[in-house]
Each structure stands twice: as structure tokens, then as C-alpha cells.
Amino acid sequence: MPRTTVVESPGCPPLRALTTDILGLVKVVEARAKPAGAAKIVETWGAPDASRAIVAASLADRAANPVLAVARKNGVVELLNPLNGNSLAAVKTMAPATNDGGAEDDPLVALHLFTRQASDSMLATFIACTDKGKASVRSITKDNAASGSDAGPSTTWDVCSGGNVQFCSVDHGESYAMFGGKGIEMNLWDIASCSKTWSAKSPRANSLGIWTRPWFTAGTFLCKDDHRKIVACTNNHQVRLYDTALQRRPAISVDFRESPIKAVAADPNGHDVYIGTGTGDLASFDMRTGKLLGCYIGKCSGSIRSIVRHPELPLIASCGLDSYLRIWDTNTRQLLSAVFLKQHLTSVVIDSHFSVEEPEEAKSKQPESLVEAETEVRNEKKKKMSKTIEDDEAEAEVRKEKKKKKSKTIEEDEVRKEKKKKKSKTVEEEEEQVGVLDHNDSDGEMDSRKEKKKKKNRTIEEDEERDINGEMCTPKRRKSGERSKCLKKSKKQHIA
């Protein structure tokens, strides 16, 4: 089983990408949600046919009259309208297949559609190259688009005498083209004069004296303003930087993992590149120093065949043999969205002029019935919105009234609590006064009791004194023996 990693996808900003696959289909993927949403398949153009597989694609990303060119396996370059998928023209770039060889033996491998237009009557101009190194530049006008015949000058030349061309890249100014492949060194050509201006030189042999055969799999121009700096990737997992103004050997050469590098794209900043390998690894390099900036989060399960950088947003899109279109954030290196497209994908392009809102021109071109239907739908939506607003206002008023009632009840409860507190305070004060009075009364009773006790004690003492002085004995002393003692004392006193 291939290695895969599950990563949460937060969604990507509004975006429109077009992908091609091995069955000759063009699929449109869009993300319309703001500020971020999941990308989805919107349209599929063409019928599945393996003999018409698309091997390369290029988009003339213009605000007006954009054109999409696709190179098919049978040697036909087809021009499409990237907005609706209508076929504009089809050009046969090679002779039909024969017993000695033809389109099957020498298929198209590279294609680039020029963005600039020579005149208003010109539909498109493109450069194509075959596997055996036959390059050609062709122009098609709007008048002869149906017939597919060339208009204006058409030039052809041989890029190499041997080997197999695997890629072609054109600089930002569309004046120079570079080619590379298996058994072919990197070489730079002037498109206007069809002449070679520079050719790379193989690196020196290693310590064992082994010389490696050149095998370039992808390449791009590093800077928009300078066509002399070239980045090339090899089948021996190397990323090389060439400066055509200084030397023929690479100025910087960096190894990355152990699998061939299949795709490369340059960043608009002029010094970073993004590479994809045959095992699904995606990484970015700073070619000023050759330093690895980092690998992207989330492992692809198949070979990456195409990488494209958005000219404005910090996004890149990649696709490959795992049938997934993935959109990444270049700042965080995080996967934003992934779309499964069923077939093996060969290339991807991004429409930078895509907008979620429809232009006014397109709206004016719509039929009146559709416009009326849209207006009715909008009016109904407005009515529903007004009803919902009224309902919300009524609910808000009811809530306010309830809040007022609650506030009134709360105030009444507080008043009641204050009254209860006042009553409790008055009761406590009364109890305290009663307690003080009770205390005073108890003190008077105690004094009276003490006086009574004192009187009793005095009477007892007087009785005792009387007994001592010869008076009659007290009733208490008249008991038993005490009575006889009293009589004896009285007799003695009488005798004396």
C-alpha cells in the first residue's frame, strides 16, 4: 500500500484550476467559498479516449480572450476556450503514422502557448516539441481556425541529434526556450532566430572516475527579468542552478532524497523553487544558497507530474499519478484542499483572473427570460428576508417587554425584602427594650429577697440572744435533750 498521511484541510480561497489526464479529459475544479472553502469538480470536458490522452497543457492567462492549448498523444494540438470548454481549433503538428514511424514513434512531449498576441486577428501562437527533438512554432488566426491551417511564419528546427526530449520551458519574456531530456544536456535557444545560445556541460567524474549520463526531467527559469538563470532537475534526484552568463557547469547542485525529481516550478520572488519527486515528496528550495526551506505537510501517494504557482495568491497546485489535485499554502506548507479526480493526471494550470462574482458583460449577455427569472428569485428572497426581519423585530419587542416585566418583579422583590428587613429590625429593637425592662425587674426582686433574708437573719440572732439572756428557749431548742439543758440553765440562774 502507498504511504499516505491524513491531514485536516481548512479550505482554500476562491480559485479555479484546470487539470488534464491520460483519458483526454479536461476537468475544471473551483473553490467559491469566502474566505476559504473546499474545492470541487465543476465541469468535465471531452469524452474518455486513451488514444487522445493529453500529455501537456498550457494556458494563455489573459483577462480578455484566454486560450487553453492541450497536446494530445496522437500529435494534435487543440485550442480550447477555458471558460466554457468549446473547441476553437485543432492543429496536426506531425505527419500521420506510417510503417516507418510517425506520431506513435515520435509523440509530443512539450507545449507552450504564448501569452502575448501579435495582432487582434491572431488566435494563438504556440511552440511544441516531440520526443526526438523536433521543435516547431506555429500561429493560428481566427479566420482559419476551423480549417486548422497555419497562418504567418511557421518555423521548425531540431533541438538534438540523439536522445529523448522530456521537457520544454519558455522564459517570462517569451524570447528564449530551454530543452532537456534523457541523454540531452541542457540547452538554451533563441526563439526568434531558432539558434542555440548556450549549452550545459556535464559535471566532472566522481572519485571512481564514473561519468554519469545526463538525464534531465524538469526545468524552469528562475527569474522573470533574467533569462540567464536556469533551474534544472535530474533523474538522479539533483536540483541544479545554471548561470548561462558565467559558466556551463552548474553553479549550485543539491541532492534531495533518493527518487527522481519529476516537476519544478519557480516562485515570483525570483529565488525560490518548488519540486516534486516520483515518490510524492513536495519541497521548496532557496536557490541563492541551495538551502532546503522545508517539505510540505501531507504525503502524496503517487508521482507528482505537474506543479504550478499562483501568480498572486500564496498557493501552489500539484497533481500526479495518485489522481488527486492538491492545493497548498506556500507560507505554512499546509494542505488546503484535495480533490479526487479518478484518472492519472498529467498537468494542471490556474486561471488567475477567476472571480466569484460574475462580470457585468456576462450578465448583460444572458437571455431576458433568465434575467427575469433571476430578478423574480431575488425579489422572493428579498420578501423572505423582509419577513424574517419583521419576525425578528417582533420577537425582539416581545423579549424587551418580558425583560421589563422581569425587571419590575425584581424591583418589587427588592422592595419587599427591604420592608422585611425593616420589620425584623423593629422587632429586634422591641425585644431588646423588653429584655432591659425584664432585667431591671429581676434586679428589684433580688433586692427584696436579700432584704427578706436579712430580716430573717436578724430575727434568728435576736432569738439566740434571748436564749442566752434566760428567756424562753426557741422551739427548735425544745426538742429532746436541748429542752433539758435549757431547764438546767434556768435553775442554776435562779439559784444564783
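In case you wondered, yes, glycine gets a Cβ from its N, Cα and C as well.
Note that the structure is a prediction, hence the values are computed from the model and not measured.
Per TrEMBL, the features are as follows:
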COMPBIAS  408-417  compositional bias 'Basic and acidic residues'
COMPBIAS  438-450  compositional bias 'Basic and acidic residues'
COMPBIAS  475-496  compositional bias 'Basic residues'
REGION    356-496  region 'Disordered'
REPEAT    297-338  repeat 'WD'
Can you name the far-off residues of the same chain, 6+ from the ends of the repeat 'WD' (297-338), with a Cβ under 8 Å from a Cβ of it? 2-5, 7, 9-13, 15, 17, 19, 29, 31, 36, 38-39, 61, 262-268, 274-282, 284, 344-350, 352
Can you give me the average pLDDT across the repeat 'WD' (297-338), rounded to a whole number? 92
As a quick check of your reading of DSSP, tell me how many residues in the compositional bias 'Basic and acidic residues' (408-417) are helical, how many are strand and how many are coil. 10 helix, 0 strand, 0 coil
In the repeat 'WD' (297-338), how many residues does DSSP call helix, how many strand, and how many coil? 0 helix, 22 strand, 20 coil
